[in-house]
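Step one of this worksheet: look at the structure below.
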Amino acid sequence: MSIRYESVEKLSEMIKNNEIKPSEVVKDIYDAIEETDPTIKSFLALDKDNAIKKAKELDELQAKGQMEGKLFGIPMGIKDNIITKDVETTCASKMLEGFVPIYESTVMNKLHDENAILIGKLNMDEFAMGGSTETSYFKQTVNPFDHTAVPGGSSGGSAAAVAAGLVPFSLGSDTGGSIRQPAAYCGVVGMKPTYGRVSRFGLVAFASSLDQIGPITRNVKDNAIVLETISGVDRNDSTSAPVEDVDFTSEIGKDIKGLKVALPKEYLGEGINEDVKEAVKNAVETLKSLGAEVDEVSLPNTKYGIPSYYVIASSEASANLARFDGIRYGYHSKEAQSLEELYKMSRSEGFGAEVKRRIFLGTFALSSGYYDAYYKKSQKVRTLIKNDFDKVFENYDVVVGPTAPTTAFNLGDEIDDPLTMYANDLLTTPVNLAGLPGISVPCGQSNGRPIGLQFIGKPFDEKTLYRVAYQYETQFNLHDAYEKL
């Protein structure tokens, strides 16, 4: 019996009841990867020897009845910008090819403490810059629902691997939609937690005021279980919030009668595909049938989210990526004849086109003559966007809308057109700019490609998002679709 499509919750139950050994789970997962991943191309590196070794150690603990840890024996895949000790971490870039970290990220320490098993590292857009996984230096991941379509990005490998049944859960990072958009495109569940909910220690920085790590799963409850495991304050990350640990599963199963839901008119306006609009309208009717009260509201500064985001994110990236200089670690140009040439050539040869574009954009926005006109102005717009959400949340519990304006686009269609590519972030970037939590769940399909529904919550109110997402999932999900892929 293949367990590749079983949930985290079900696998945990099977292991605790001695119905299956961790080593059998791991073998089944690697068999699935061997069979499917040559087509999907979601993994960049496999940690097979260590995974098999750990699984056998857990077998022995299982035999003794010592099955400690929320994720005991559960396999996982990790986006390749999250540091994994002794396992190559490249950020899908030539710049970090062959880089093997000597320390562990906080989220990995937490997952190891709960006895999860690392299967491997997952493909992504280079340094998390992109929305299709097409900027990866190493390979092009495809969408499990349609191999001619992108899986989204930048956490495309993380979403594709979960949808294809290659891991029951993965971790991604979300700077402007990089968990939620690929989750929408691949028909899975992706949570971008509140900024500060999850430690960023060991996440290779793109934009430090926007980045956040979160889980991708095939159902809502699994997602809550994983977020519970990785969240919490961390002394190694000064931006992690000193909030109490939360039982995220405690709200799951509670009804949503009387829950006040806001539907921004801007989220169904210009640029939103008709099939996506229809699916979201149907989802809203479903929420009403479950007892929620849904009203139309306005988030007037939504349209400024993309320009504000790309100035701020690129500015922070230009500073963060200055550390990749060809000297301390990473790609080192062999042709350089001087120190200046070494810097220039290592960075020119080591970074891909999209990363260089954003470094240029960010450096320009921070330059003395343009700082006020671009970076400072973008931060003011960011405040306006946050104020819009604050005003809505005075009267509503949750905001709902599409995750992305369209379904997954075809491979190659937008990679040479950055403005069209950036437009896919219309509905996700405002959430990062405001530091809010957002979750994407499947709500339909168009020509076989999944459509994502996004719920946005108040700061640190992921519990309510899980509550409403779970209730919606009972009425619509793609659980039967995964095994047919």
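Including glycine, each Cβ sits where the backbone N, Cα and C put it.
Under the heading active site, charge relay system, Swiss-Prot lists Lys79 (among others), citing sequence analysis as support. Spatially close to Lys79 (active site, charge relay system) yet at least six residues away along the chain are Lys121, Leu122, Met124, Ser155, Gly157, Ser158, Ser170, Leu171, Gly172, Ser173, judged by Cβ distances under 8 angstroms.
Its Cβ taken as reference, Ser154 (active site, charge relay system) is surrounded by 34 other Cβ atoms within 10 Å in the chains shown. For Ser154 (among others), the entry in Swiss-Prot reads active site, charge relay system.
In the three-state DSSP scheme, Ser178 (active site, acyl-ester intermediate) is classed as coil. For Ser178 (active site, acyl-ester intermediate), the count of additional Cβ atoms within 10 Å of its Cβ stands at 36 [all protein chains shown]. According to Swiss-Prot, the feature active site, acyl-ester intermediate maps to Ser178.
Ser154 (active site, charge relay system) and Ser178 (active site, acyl-ester intermediate) have their C-alpha atoms 5 Å apart, to the nearest angstrom. According to DSSP, Lys79 (active site, charge relay system) is assigned to a strand segment.
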